[in-house]
Amino acid sequence: MARTRADTGNPPAKRRRLNNGTPATKANRQSPANESSSSDELAATPDYDMEERRRASWSAKKAIANRRQYKPEPNSPSVSDSPDELSMDADVFWGRNTREQSPAKKAPTPPVQIEEEETELAVKMAIEPLTPAPAESSADLESRARSVEEPERIATPEPAPPPTPPKPDHVNYVQKYILKGHLRGVSAVKFSPDRTMLASGGADGSLKVWDTYTGKLLHTFEGHLAGISTVAWSPDNETIATGSDDKTIRLWNALTGKAHPKAFSGHHNYVYSIAFSPKGNMLVSGSYDEAVFLWDVRSAKVMRSLPAHSDPVAGVDICHDGTLVVSCSSDGLIRIWDTMTGQCLRTLVHDDNPPVMAVRFSPNGKYVLAWTLDDCIRLWDYVSGRCIKTYQGHTNRKYSLCGNFGVYSTPDGPPHAFAVSGSEDGALVCWDVVEKNTLQRIDGHTDVVLAVDTAELDGKRYMASCGLDQTVRLWEEVSPVETDESVEMNGITNTVEATPDETTQPVPEDISNEAQDGVEGDKMLG
């Protein structure tokens, strides 16, 4: 019967090797999974277990003690300055374990872009030699020194604009000259485009040209076979056109004093109103024959005939750009025409349908001012076809009166528009266009005032008027302090008579007696 190892009484070989100090391998300490844990050959003895426990305890204590004493300092092998071998070993040990247990940290990526930029810059500097910086001018150096020495200045806010002066409530025109020379009533008066001359036409058939500065008669033109009803200046300041009861229109040269050789014939009745186009190449006329003609000035021929109204045409005008013509008639109608096509674009009529005796385009061409035989002047917006303003205060029941637009303002204020008209009671009346209030009523004429015109020359404003008293009167706007104490300062009336200045030049000897009579022997009462 074979004996087992347990019966021999001797320890197994495994146990003897452990007792002799031979270290046990890992394979010897662990049991295979397919063998029983109660095997005598692989079981550990009590002595072996005690020895292993003591080693494990001593190693743990040594590790804990070294970890507590270790304080990491740069460039120091241990806590103390002495070369401690145990501390060095522990430091190396724990550093190795830490690297094995903790995950590896990623190394920082090298600044590739920066290196590339530096490389490019180095290459560029190698290829392109550096140029010296431009030397600063003395002005730049002074500016830089000034900016360093002086602190930055804060911009001062601009002062608010001064308040707009209040709108004047009146104008103040005084009589400057009384121009005499016409033998009958004066029906038309007109300033030249440059405002230096004044033309007047009368029932005596004569046309007279006056100097605006001095009031002296410059020319007298005769040639019509009947009285003159209307006067117009060409834009070039040279030609004057007159319409007459002899059914013709004539042209006169204001500079040479000569008449145009050919008359404009075509109307079948009295010529009541005429107007030049802005370019001066066309002339518009309205006649008692109920027609409106568009004339070519160069050839003196009719370019277009407009069957305008069913009653005599009393007034015509042309707008500032020459595209529109306005006409009026005693039939109560106001019509707007296209000068290119001759088409009637708009017909204006008031509810009362009073006879319309004169029309004027506003300076901007947007409105039409109309005189009617019901003591009214109406301002029309012809685009909308509405009457927007009505001015009253004058008398107009019988005669064909006409007037114009003017400008007034304070010395430092913006300009304002006014309308002026004659009156059958011998007065001139001025209205504010917007407010409709009366700005001034001027007495001076002794009979009906038929026509009024306005002008501005050398910073001064003038008005010219004419009437059945056979006179032409020139009025000048002045400040209240320049008028006599007898003048009412509210601008309503003016009874001052002005005497000519002592520096007025005498009438030349070659001027006719009629011209001398016109200025009353070189004395003009005003």
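Using N, Cα and C of the backbone, Cβ positions are placed for all residues, glycine too.
The compositional bias 'Polar residues' feature in TrEMBL is assigned to 19-40 (among others).
Sequence annotations record features per position, and here TrEMBL assigns compositional bias 'Basic and acidic residues' to 141-155.
The feature compositional bias 'Polar residues' is assigned by TrEMBL to 491-506 (among others).
Residues annotated as domain 'WDR5-like beta-propeller' in TrEMBL: 179-476.
The region 'Disordered' feature in TrEMBL is assigned to 1-115 (among others).
Feature annotation from TrEMBL assigns region 'Disordered' to 131-168 (among others).
Under the heading region 'Disordered', TrEMBL lists 482-526 (among others).
TrEMBL lists 179-220 (among others) with the feature repeat 'WD'.
Annotated repeat 'WD' per TrEMBL: 221-262 (among others), in sequence order. For the repeat 'WD' (221-262), the residues of the chain that approach it from at least six positions outside its boundaries are 184, 187-194, 197, 199-209, 268-276, 278-280, 283, 285, 287, 295, 297, 300, judged by C-beta separation under 8 angstroms.
Residue counts of the repeat 'WD' (264-305) by helix, strand and coil are 0 helix, 24 strand, 18 coil (DSSP-based). Under the heading repeat 'WD', TrEMBL lists 264-305 (among others).
Feature annotation from TrEMBL assigns repeat 'WD' to 306-347 (among others). Through the fold, the repeat 'WD' (306-347) approaches residues 269-270, 272-279, 282, 284-294, 353-361, 363-365, 368, 370-371, 380, 382-383, 385, 400, 402 of its own chain, all at least 6 residues removed from its boundaries and within a Cβ separation under 8 Å.
Residues annotated as repeat 'WD' in TrEMBL: 349-390 (among others). Tertiary proximity for the repeat 'WD' (349-390) is limited to same-chain residues at least six positions away from its ends with a CB under 8 Å from its CB atoms, namely 273, 311, 314-321, 324, 326-334, 336, 396-405, 417, 419, 421, 431, 433-434, 436.
Here TrEMBL flags 442-476 (among others) as repeat 'WD'. On the 0 to 100 pLDDT scale, the model's mean across the repeat 'WD' (442-476) is 96.
Long-range contacts of the repeat 'WD' (264-305) within the same chain: residues 229-236, 239, 241-245, 247-251, 311-318, 320-322, 325, 327, 329, 337, 339, 342, 358, 400, each at least 6 residues beyond the stretch ends and with a Cβ under 8 Å from a Cβ of the stretch. With DSSP states grouped into helix (H, G, I), strand (E, B) and coil, the repeat 'WD' (306-347) comes out at 0 helix, 23 strand, 19 coil.
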